[in-house]
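Single-structure report; data block below.
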């Protein structure tokens, strides 16, 4: 096979930091090449070097592409040679139509006048290639994230892409949308498009990739043939140590009943006729970790948020008992008083005040604990923040650091600290390890285990089934707003969960 | 790769690094001093004359009082364009009550303050509970209350007020010592009289500032929080205290402490404490920083927003009374376009348009910067046309400086 891309000894330094240290990457024509590495390993920097975001001269080393030395000065230089990157955060304009987005910056126009006929007909062709049948005039914010991802790919195809780079393409997608996307990648490969995929999800890497390059701390660690490669082998190279146990051990204890939900019903806030949560009942005991499995859109987050102070939905009915007594959870502060805590799915926009300090965020949900008669006691507040920093091993120079400057794993620890300080009986964790690297995930799991050892009841919502299987005692399976099964984690497998979802 | 850019400053001295990181706070103080020195020179010393300093307080008190409320509204992530009109409306209503209806002054003052609070509540209700953008609601309020004050006054001015009402603004706190006892001091300073109370307040306040600063330092040191380098601490305190003592000395050689300066000083202390040291203050910053996260942390965001506007209405009413008392008449033009001065003061003082940041001290210094410029340029006889241009450019420069600093810190 001929080599399409060869990056040799790429070194990129930022003031004081060597982000890339003689990295080598070799991608063959027509293959799918996966790049794996922890957050901060240098994957994104490498792709920015490749695409000309960091222009030639700002790094050391050589890039050979398509048989010639490539010296890209800007992003459009690399695009004109057929290199297209699709970023984690989609770059679509939600208020414009699919067709307008696909040809944004590349409009089909004659002397500045849009040629709508051509724009629309070409859009239909491109959409067909990625398996979409939506009308080209549909506004992008009316279609789901999965389809938006496909529109991005269609946009790339419109630019006659030769090398398509996907940065964490399935991070925001649910299981079957991810599958569709991966299948599309295989199809594109059959049509001769070369792909680079950056992903945390090793199952996906094994599914699509031909070759895997592992990067750690800005250096190439290994280049592996994906055939017959085990996930553990990739993880070992990524973290630099053997991670035989990805989930820490925890003794199974189920104490007294802590939280019981009965007959919970919720309707959609904007579409009054749509019932989103249908007659759900569940319970959690002290020391238990109970999982909720289900695809995105099955209503897991909506369930959690409606329980937590009716923060989502309308016409909410049903009873919620804590330690056997019905409690009022109609407002967030009442839910907190009743002993509930909810760690949100999206920590940046729903969990933290990024411009404020660790101390500010830690005490926010329980300011009564560090004040008297409405006046804050600063010294005590600092003490509390320090205590949780030590207990959760948050890596930061001081608790006066802005949380916006912390890594994802450390931010999540601050969110956990905030809720632990409310001394909850029940902790609801919504995607607690999303976007966190492998090492930090293990730490979060250990914290969860410590909490259950202290007798807290934990509810864990996750899209990653291995995580649920590894962490939970029991798993509720959710589909289209209802529970379709309850499994003991010892008997549960990924296949059984999926089959419960599919057969309903 | 986002968390690796902070080591850049390693090569610089820690003092420079600290100065750079806190450029905004020091910059504001230096800007005020520079502006005062500049106008002192170009006005040939008129700016710092006791009578003019007293005037500065009288002229700017209502702007500063409204800036306290505006800071809270802006920190909460909103804006209030109606304050100038509300202030004019309340002043007009007070004039009608006192002059036309002959109500006793204390009763009229209480009713006026209540009226402002109700106006604030009426606007806050739509913003907080109906999520109507505050820009729209208060723009409407600005027109409505301007119109209502025109209607109340029938386009005419109403006045004069009884002397008891005028005391709100133009009165002075009587000295603790009789005139005869201070003659010696007055002679010593070559002034006609010397107000011991004003000087005493200056000295006590200075001591309190240093004492509280030292206490905060000790506390931070105990928790390993980054400290302001000690020479910076002392230099900053020397400047602040020097300024304060200088001002109170000047005041004491004129007529002493204006009533309105006392009102203003007490309000500044109350609101600084409220925003920095109380649970409700903390929650307002959280609300402005990230409303959704605040709500999911159990904070009653709607109620807080509502209260921010109620408070603004109250302070606008107080400002309206002080303004009317100072002019000794209620005019249909009272408070016209003053909301812009108030908002400008808050932004010059370092508050962020997107909410969640800004301090009371900053807003007060910002208001003084605007006030000194107004006063200095008027003394110099610069036309209102140029004054507007210069004030606009100063506002723009302050915000650009802010954004530039933020970008450099990354």
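Residue 1 is the first one shown; counting continues down the chain.
Every residue gets a Cβ built from N, Cα and C, even glycine.
A TrEMBL annotation is a machine prediction, not a hand-curated record.
What TrEMBL says about this protein:
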- B:26-48: transmembrane segment (TRANSMEM)
- B:60-79: transmembrane segment (TRANSMEM)
- B:86-103: transmembrane segment (TRANSMEM)
- B:109-128: transmembrane segment (TRANSMEM)
- B:135-153: transmembrane segment (TRANSMEM)
- B:194-214: transmembrane segment (TRANSMEM)
- B:234-251: transmembrane segment (TRANSMEM)
- B:257-274: transmembrane segment (TRANSMEM)
- B:304-324: transmembrane segment (TRANSMEM)
- B:360-380: transmembrane segment (TRANSMEM)
Range from B:194-214, B:257-274, B:360-380 with the greatest count of C-beta pairs under 8 A to the transmembrane segment (B:304-324): B:257-274
Contacting positions for the transmembrane segment (B:26-48) when only residues 6+ beyond its ends and CB under 8 Å are counted: 19, 236, 239-240, 243, 250, 348-350, 362, 365-366, 368-369, 372-373, 375-377, 379-380, 398, 401
When counting Cβ pairs under 8 Å to the transmembrane segment (B:360-380), the leader among B:60-79, B:109-128, B:135-153, B:194-214, B:257-274: B:60-79
Stretch among B:60-79, B:109-128, B:135-153, B:194-214, B:257-274 sharing the most Cβ pairs under 8 Å with the transmembrane segment (B:86-103): B:135-153
